[in-house]
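> One structure is given below, represented as structure tokens, and several questions about it will come after.
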Amino acid sequence: MANFTVGDYIAQRLAQIGVRHHFLVPGGDNLALLDRLGAHPSLTGVGCTNELNCSLAAEGYARANGIAVCVVTYSVGAFSAFNGIGSAYAENLPVILISGAPNTHDKDQHLLHHTLGEHDFTYQLEMAKKITCCAVSIRNAKSAPELVDRVVWNCIRLQKPGYIELPTNLSTERCVQPGPISGLDAGDRHVGSVLAAAVTSVREYLETRQKPVILAGPKIRSCKAQESLVRLAEAIGCAVVVQPAGKGLFPETHPQFAGVFWGQVSTLAADSIVNWSDGLICVGTLFTDYSTVGWTAVSNVPQVVIDADAVTCVTTCFTGVAMCDLLVGLADTVAWNDSSMTEYARLRPEIPLQRHGAYGELTRKEVARRVQLLLGPDMTVFADAGDSWFNGIQLQLPPGAAFEIEMQWGHIGWSIPASFGYALAKPERRIIVLIGDGALQVTAQEMSQMVRHRLPVILVLMNNKGYTIEAEMHAGVYNRIYNWNYVLLVQAFNFSGTGGRALGLKADTVEEFSEAIELAQAHMDGPSLIECSIDQEDCSKELITWGHYVAAANNRSGMTIET
């Protein structure tokens, strides 16, 4: 191609790695690039309402597609998008942020709009380096292919976000065409002596344990190790519990599933079997103040930790060992030991029948009960930060159902743009969003894109007129928010007439919620928002317990640093 450009190179590489949609907010510095991306037959540009939502939509797309891209303008766009890129970094998701930049001829010459009013334009690149695995600034067309490939390769290899800064005048500059995608193959990790030594070390350790249990965490997703985990679990025969951010990564209908381990707010007595174990095998785990209920949930230091590319067994660390390789190698050699399942048969609580009244005031428990009945194999549940976390964790996922949560970054409102991006990547799945009113007010406008693209997302809005999760950690009048008419809000997005149609429903009673669920299930031309009016004090006991412990951890006294 005689006129192949830098913008064409980026477009071709994105298509090669499986990107089908690129999320964008147009701005002066990225318009030429957007033209080149839009000209590629395999790429579809998806406009978003603002850069925060754009980056969070890409984060959700990466959860479904494996990799994602968002394109913004310099400074005023990228600064806002950095929030979602921070989420992608924390959640181990490869999102490539591409930012336009000032014309190369303006460097050190002029003061420009959308800048800090200084001649130095390197500040954005320096900021991006803190929240990505690889950040580059393209300064000439000749170096563009190598720099673009460096970011793409590192994002795929490390499962972290990357950053490409492209001056507005370089998008249309000529450059070479990309080679085959196989040229970016990160190559095999250690599959020889180091892997064998790691497998032997873990196997020999487990031979000294009487009561092994597997604890699975969120990094299993980025390592694509779900099947390998099941293989190891079935080889040992032990109980498997998951961290809250790992919910759905091990089948909940599997006979060895023993609940969500979340300290004092665990499900299905998962905490009891973990505390009983004398050999906890941690696979892809992430221990934070949130996942450990204010550092109270893990009483013993795990002796086996299987991470993305390293394995620690007692006091020895084996680096460069891929998680999947270790799990499969261990599954082929480990001895059978189902003692934890024998014990768990005694500990596992009976799941009570879900009874409900035929009428009456709507409660949080009744909403959760009805959502449970709605779940099917083709559904994905998004649980936003807040009591929605706890309501979602309590759900029992049927075979094929998926669960998404953003526990490490914990951005309220994340679920709306993230579910939008996810739905574009997997239109065959029906998505249910559990979200509170405070969270919805942060990112509500991205529901308009669900209308535009006719995505039948069901949003279950728990309206208790405040930030309940914050109130349980630290009470204050600032946790009470101004109430909106949410039904009219979502209906306002129907104005265009060129997209789909949003359905807005309000439920104050059990009967109204049951009817609303049926209407939402049948509505396929756009999103359905069900506003559930519940009492301000109606929250899960798990949130209350968790909130008190996390608040205590936040408020503990520490060392005084003298200056």
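Just so it is clear, glycine is given a Cβ too, placed from its N, Cα and C backbone atoms.
Okay, these came from TrEMBL:
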type    : residues               : note
BINDING : Asp437, Asn464, Gly466 : Mg(2+) binding site
DOMAIN  : 5-115                  : domain 'Thiamine pyrophosphate enzyme N-terminal TPP-binding'
DOMAIN  : 201-310                : domain 'Thiamine pyrophosphate enzyme central'
DOMAIN  : 400-532                : domain 'Thiamine pyrophosphate enzyme TPP-binding'
> If I restrict to non-local contacts, at least six residues apart, and a C-beta distance under 8 angstroms, what lies near Asn464 (Mg(2+) binding site) in its own chain?
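Gly436, Asp437, Ile534, Asp535, Gln536, Asp538, Cys539 - these are the non-local Cβ neighbours of Asn464 (Mg(2+) binding site), listed in sequence order.
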> Does anything in the same chain, at least 6 positions from Gly466 (Mg(2+) binding site), have a Cβ under 8 Å from its Cβ, and if so what?
Asp437, Gly438, Asn479, Arg480, Ile481, Gln536
> Taking all residues of the domain 'Thiamine pyrophosphate enzyme N-terminal TPP-binding' (5-115) together, what is their mean pLDDT?
95
> Go ahead and report the DSSP secondary structure tallies for the domain 'Thiamine pyrophosphate enzyme N-terminal TPP-binding' (5-115): helix first, then strand, then coil.
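Once the DSSP states are binned, the domain 'Thiamine pyrophosphate enzyme N-terminal TPP-binding' (5-115) shows 51 helix, 21 strand, 39 coil.
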> Quick check on the domain 'Thiamine pyrophosphate enzyme central' (201-310): DSSP residue counts for helix, strand, coil, in that order please.
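Summed by class, the stretch gives 35 helix, 22 strand, 53 coil.
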> For the domain 'Thiamine pyrophosphate enzyme TPP-binding' (400-532), DSSP counts of helix, strand and coil?
56 helix, 30 strand, 47 coil
